[in-house]
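> Take a look at what Swiss-Prot says about it:
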CARBOHYD  N163  N-linked glycosylation site
TRANSMEM  19-39  transmembrane segment
TRANSMEM  48-68  transmembrane segment
TRANSMEM  75-95  transmembrane segment
TRANSMEM  114-134  transmembrane segment
TRANSMEM  137-157  transmembrane segment
TRANSMEM  169-189  transmembrane segment
TRANSMEM  198-218  transmembrane segment
Amino acid sequence: MDGFTDSQAPPAYEEVKWLADTLVAFMGIGWLINYGAMIRHSYQGRTYCMGIIPLCNNIGWELVYTLVHPSSNRVELAVFAAGVTLNVIIMFAATRSAKTEWQHSPLVANHTPLIFLGGTFVCFAGHVALAAEIGPALAYSWGAVICQLVLSIGGVCQLLQRNTTRGTSVTLWLSRFLGSCCTVGFAFLRWRYWPEAFAWLAGPLVLWSLATFVLADITYGVCLYLISQTETSSTKRSKLK
């Protein structure tokens, strides 16, 4: 069953298709806000907001399902096209700020463009291989799961390693988290009203991935708040001196 098309959807799903499409649109809006905010933060703070591996993985996945296996859903395809465009801009911004961010590692700082290009190619090839192995429809969903987990867990690690809110904000976190939650809602509708094709979405590995994503992103929000409070307290103490 093609995971992109609704042409063979049962009547039960057709009744809620408007809601599914709305969730896809809101997912796109959330992520586009996130990408736009990342670009702004990158140029204001001279740093990048998304880790190297998650960024390469996202671009590789988006390229596959924009160019190699494009969705027949126009809303979804438009979201992919806009996402990959903004991600490339984010990559340029990250390359621009690499010398500042990687002062402790000249090998990375001086070869960031090559690292990004190589990383994106490897991830792109991996997603193409996954589509060839299990089919584009399933690979699309599992590729998205991989991207989300790498991004969520990587984001927590990056925040804890930096121990600063530089390069991040509540807007960045919420737009990403809520955008991904809309994707979860879309998947729920397909599982609930189209079980013939999407019963696998209630499988153990999918549910583990969902729980891990939610736990990681909530952890990110809590850590962001705690670090922000520490920075605020430090600023107040500095002003009193």
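Cβ from N, Cα, C; glycine included.
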> Which one, 19-39, 75-95, 114-134, 169-189, 198-218, has the most C-beta pairs under 8 Å toward the transmembrane segment (48-68)?
114-134
> In sequence order, what residues of the same chain, 6+ apart, have a Cβ less than 8 Å from the Cβ of N163 (N-linked glycosylation site)?
I227
> Quickly jot the same-chain residues contacting the transmembrane segment (137-157) by Cβ under 8 Å, restricted to those at least six beyond its ends, or write none.
1-4, 50-51, 53-54, 57-58, 61, 64-65, 69, 71, 127, 130-131, 176, 180, 183, 187, 201, 206, 209, 212-213, 216-217, 219-220, 223
